[in-house]
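Asks: Please read through the structure below; I'll follow up with questions.
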């Protein structure tokens, strides 16, 4: 606020006051102070100024109305000199002017002041835009009457003086003319000497107070004035003295504290002795930041005491403003100085450390960090990679730390230096150890284990291992992912797993280009950085579920990663240098191979995991699942017994799928319910255990006590290192005669006591063991834990009726048996037709058509007179219509069903078959031999018919799968006809 009020005139006033308030210098006197000497030297160049100083600061405190002749001559000379720059200076110098005194000025040109009044003894620059007024001022100076009246402009009625802007005020002044201007001016103003005119800037020096009385001429406005004098006052009046001292004191305080008033300090110090009371009041008001009305009030006040009081109010207010300013400045300084100080100290600390060599700048430190990281492995880094690293390190030094390119280069070097170039973990080629580890973690899975052991054996003979790409395919829950972890443990390799299920962005595998914001290398580079070796085992999960999105085809991007010929020089888009992945062992997992693209499948070695038969599931449940679940639930083995019958029922009726994940869930369900039951009944168990513990503790203490007594009585030292004296030994010897008798008696008593304690302890332990809750889970109460059975027996018929045959099917959950039923709808001449139901796919519908044709052909051969197919409308159905069924292996089953109905003969008991058939009656091979064999065993089927081409597959099965099965291998339907009927 103060700045706004003082901005227009404060800067110019500082110079004006400094020039105006100067001590009187008389010609011929000795200059006895440095200031007077300086002013004496300036006499020749600015005589008018000295005249003014003498006028304002007279030793006799008069108003300077009677100048001496010397002053007048100096004024003449000064007036002549000051006009030297004008065009008509010679003419004016030639005329001998009359002396023009300030008190002779009764008619003056009225100059409006927009912001503040002009005080006597003060310089003020004003800008005169009106050319007529400017011309009149120049003319006045030529006539040696260089005086004008300076009057403060009143504010317009109805306006707030604090709101009107300076530009508006200036604009209003120039528009005012004549009587209108006269009415807008304050009556009391200052008679001002025109010191100089430069362009439209006029410098005024205030002389004395005047009052306007009337208008003489309107353009430019000239007015008649009366000269005002201060009211007489007593210089020695204590009140006036005290008021003036307070003004001086307050001025001194303000000048000390306020930075805005620093320009006035010198003036104040020089002229403090020359101030009379009236001048002191004017000085205080002139240099203050008070508003124009307060200043005008001081100017109009002719009573010196009252004027001093008004000035005191103004400077006191300045003091308050100065204090507020100081507190604001202090608060802000405190706020920011802490941060600045910390910053400066940090910068100084950095500079000092740098000078002492204790610390380097950021870029040097970064480079040193990268080189330090590379040093241990430097010999193994390929030459082309080292060249790229060196180039990037050089580039880092040239870049500005604030540039975006700097961060890109830093991140790039971070990745390059973090990779394990040529660093391999030591592999363990101990086949026996590997076999033991694999057997510990997994039951069965002979094919997989055999393949891993072969891999280890080859590595041992070669002395080095190569990477391979193995794909484990099989239904969910058979342990494909956990096999990968076991292999890594057996080989002593680091393990890393990432799933590509639903992955649709190629950049996840190949990395982003470095130009993108937030670019990252692909999964393979991240894997190498994470594991820290170049030969980890990488498990790529769900490779059959790769997505394909707008960002390319990840299945195609995987080709380079999984091709043994290409991955020795795998190129990641981010790193842009070849990486050797030939030592990495890739293990992929998939549920079905059909969805994997052929080029990708071609690069992998597929090991099929068919699933587990009931026997294997029993082993897995007992040795792995039950043990782990018991520990998880915090149940002790002696508290629970799950019978074999219960486990078998659980596997047969609840968990028929190929894997064991669902079986694990059901076992967890059983144990959770047991845990709840134990906790509910567990209130009475703890105290009994506590009693047993207490009795045991007492018996131990008693045994120790007896032993101690025995040792003491036998003369042994009770404690090691005790220094018994000889008298005690003598006592022991003295009592040695009666000791045997006492000892025998005591030992008998103590033995009896110990025996009692032992019997009590055993009794309590047996009682506690009786009360420990043991939960038995058997097949009758299994439903209480896991609910009603999910699956029912697949065998609907003990002996299949006419037209019904059991087939074998493969599903993603493993193998299952299914019935194919044919029924006669109606008979009539030429009504031969076949209707098919059971939510069958296109392949099975075609199989039904082929079966119908082949059955007619065979019936024609066997019974030429039988016209059953020609005259019968038939309905063929596959039960479980809610389940979609499709596949090429039901042909022979359908033919048998049709022929059974046509010949009215049921098929043999406990017979199941599978195989695709051609129109000529040839049997084609099928898939899922193991699953179908397992399904047959589950349904207690003893005789199975398989195509001849599948004999090798069956021979490779484990003995426990083949046990108890009578399998016939056929290649023509005629063989099936003989076996079935």
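Using N, Cα and C of the backbone, Cβ positions are placed for all residues, glycine too.
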Asks: Quick test of your reading of TrEMBL: among 32-60, 61-89, 90-118, where does it put region 'Disordered'?
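Replies: Feature region 'Disordered' in TrEMBL: residues 61-89.
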Asks: If I go by TrEMBL, the feature region 'Disordered' sits on one of 690-709, 710-729, 730-749, 750-769. Which?
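Replies: Matching range for region 'Disordered': 710-729.
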Asks: Residues other than 474, 475, 476, 477, 478, 479, 480, 481 within 8 Å, Cβ to Cβ centroid, of the ATP site?
Replies: 472, 589, 591, 609, 658, 659, 661
Asks: At the level of the C-alpha atoms, what whole-angstrom distance separates residue 479 (ATP binding site) and residue 932 (active site)?
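Replies: On Cα coordinates alone, these residues lie 20 Å apart.
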Asks: Measuring Cα to Cα, how many Å separate residue 480 (ATP binding site) from residue 932 (active site)?
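Replies: Here the two Cα atoms are 21 Å apart.
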Asks: Could you round the CA separation between residue 476 (ATP binding site) and residue 932 (active site) to a whole angstrom and send it over?
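Replies: Residue 476 (ATP binding site) and residue 932 (active site) have their Cα atoms 17 Å apart.
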Asks: Please list, in sequence order, the residues in the chain of residue 481 (ATP binding site) that are at least six apart in sequence and whose C-beta is under 8 Å away from its C-beta.
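Replies: Long-range Cβ contacts: 497, 539, 541, 589.
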Asks: If you measure residue 474 (ATP binding site) to residue 932 (active site) at Cα, how many Å is it?
Replies: 15
Asks: With Cβ-Cβ distance below 8 Å and at least 6 positions apart along the chain, what are the contacts of residue 932 (active site)? List them in sequence order.
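Replies: Residues satisfying the criterion: 808, 809, 810, 815, 914, 926, 944.
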Asks: Would you mind checking how many other C-beta atoms are within 10 angstroms of the C-beta on residue 479 (ATP binding site)?
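Replies: There are 25 such Cβ atoms around residue 479 (ATP binding site).
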Asks: Within 10 Å of its Cβ, which one of these binding-site residues (474, 477) has the largest number of other Cβ atoms?
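Replies: For the binding-site residues 474, 477, the Cβ with the most other Cβ atoms within 10 Å is 474.
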Asks: Taking 10 A as the limit, how many CB atoms besides its own sit near the CB of residue 480 (ATP binding site)?
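Replies: Counting Cβ neighbours of residue 480 (ATP binding site) within 10 Å gives 26.
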